[in-house]
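**Student:** Annotation source Swiss-Prot lists substrate binding site at Asn15, Asn72, Gly82, Asn83, Asn169, Asn202, Glu220, Arg221, Gly230, Thr231. Among the features that Swiss-Prot reports, active site, proton donor is placed at Cys81. If you look up Swiss-Prot, you'll see Cys229 marked as active site, proton acceptor.
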Amino acid sequence: MLVMLQFSKYQGLGNDFLLIDGREDQLTQQVINPDPAWVRKICDRHFGIGADGLILALPPRADGDLRMQIFNADGSLAEMCGNGIRCLTRFLADIEGDLCVQRWNIETLAGIICPVLQEDGQICVDMGTPFLDPESIPTTLTIGSAGLPQGECHLGSTSLHVAAVGMGNPHLIVPVEDLENIPFENWGQRLEKHHAFPAKTNVHFLKIHSPNQLEIRVWERGSGPTLACGTGACASLVATCLLGLSDDHAEVLLPGGVLQISWPGRRGSVFMTGPAEPIFDGVLTPLLSPSHAEVLPQDDQII
């Protein structure tokens, strides 16, 4: 008999995720520590369900209400994802209904993250303090006069002025004059794997419209082009703030919509506010279930 896995699909500004609830410790190790090939299969938009990543809601290991484990579409483990944690928050609120607590302490590989469901349905997330130390990001770029890692990345004959910020995961910010007329995919995939980032990096091409309005195009580590990146929007504001190019709060325009990002006083936590919405619920067919997730009791079991 095969284990039938229930899942839900959610999106935040078009950044979409498959969510599986394992808070009762009911998931097998083949789901909790999955084969990357299985994650790639279910995230495939032609042969699977299709998503930018997989999120597992798991029992806490420390003082959190639960633990989030997130995998990129290529099967690699991610430290944190801003749009993903908003989707998880909306998922939890939908499950709990009228008993919804409105606030959760969620354990991630980037530390405890605290999202709050607001009355208007938007989700405000305390994303924690940005990492500006090169070793913590990690990057080999060195600290510049603005107090964050800066430098040049060379792509053949092209030299790009860049900055780096960590939000529990690495981000490379590349200011450009025109977002539409850059070799986006070529630069994105090359910068993701640039030698200045030993753990690879998320890449954000940034245009500054005003001190209170930024626009970015996103190339996510392990996923490629996506419609939005919450941690990337936070990192972009931190970088422009320190470089004197923006205020400590701004709306960030992404292909999938708008996030409100603030870094009060340019110290402490960065806050991200934005939406997340359900798309559908489903059950994985046997062909999409983990290869070892076979057999439990006498009947097919939905968990």
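Each residue, glycine too, has its Cβ placed from N, Cα and C.
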**Student:** How big is the gap, in Å, between the Cα of Gly230 (substrate binding site) and that of Cys81 (active site, proton donor), rounded to a whole number?
**Tutor:** 7
**Student:** How big is the gap, in Å, between the Cα of the residue listed as 'active site, proton donor' and that of Cys229 (active site, proton acceptor), rounded to a whole number?
**Tutor:** 7
**Student:** Just jot down the residues in the same chain as Glu220 (substrate binding site), at least 6 apart in sequence, with C-beta under 8 A of its C-beta; none if empty.
**Tutor:** Asp52, Asn72, Asn202, Thr226, Cys229, Gly232
**Student:** Can you count the other CB atoms that lie within 10 A of the CB of the residue listed as 'active site, proton acceptor'?
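**Tutor:** Around the Cβ of the residue listed as 'active site, proton acceptor', 35 other Cβ atoms lie within 10 Å.
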**Student:** For the substrate site given as Asn15, Asn72, Gly82, Asn83, Asn169, Asn202, Glu220, Arg221, Gly230, Thr231, which other residues of the same chain have their Cβ within 8 Å of the site's Cβ centre?
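**Tutor:** So the extra residues in range turn out to be Ala78, Met80, Cys81, Gly84, Val218, Ser223, Thr226, Cys229, Gly232.
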**Student:** Among the binding-site residues listed here, Asn15, Asn169, which has the most company in the form of other Cβ atoms within 10 Å of its Cβ?
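**Tutor:** Top count of Cβ atoms within 10 Å goes to Asn15.
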**Student:** Can you give me the same-chain residues 6 or more apart in sequence from Gly82 (substrate binding site) with a CB-CB distance under 8 Å?
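**Tutor:** When sequence neighbours closer than 6 are ignored, Gly82 (substrate binding site) has Val125, Met127, Met167, Cys229, Gly230, Thr231, Gly232, Ala233, Cys234, Leu259, Met272 within Cβ distance under 8 Å.
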**Student:** What's the number of neighbouring CB atoms sitting within 10 A of the CB on Gly230 (substrate binding site)?
**Tutor:** 30
**Student:** According to DSSP, does Gly230 (substrate binding site) fall in a helix, a strand, or coil?
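**Tutor:** Where Gly230 (substrate binding site) sits, the three-state DSSP reduction gives helix.
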**Student:** Hey, what's the Cβ neighbour count for Cys81 (active site, proton donor) at 10 Å?
**Tutor:** 33
**Student:** Can you tell me whether DSSP puts Asn15 (substrate binding site) in helix, strand or coil?
**Tutor:** strand
**Student:** Using DSSP and collapsing to three states, where does Cys81 (active site, proton donor) fall: helix, strand or coil?
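**Tutor:** Coil, per DSSP.
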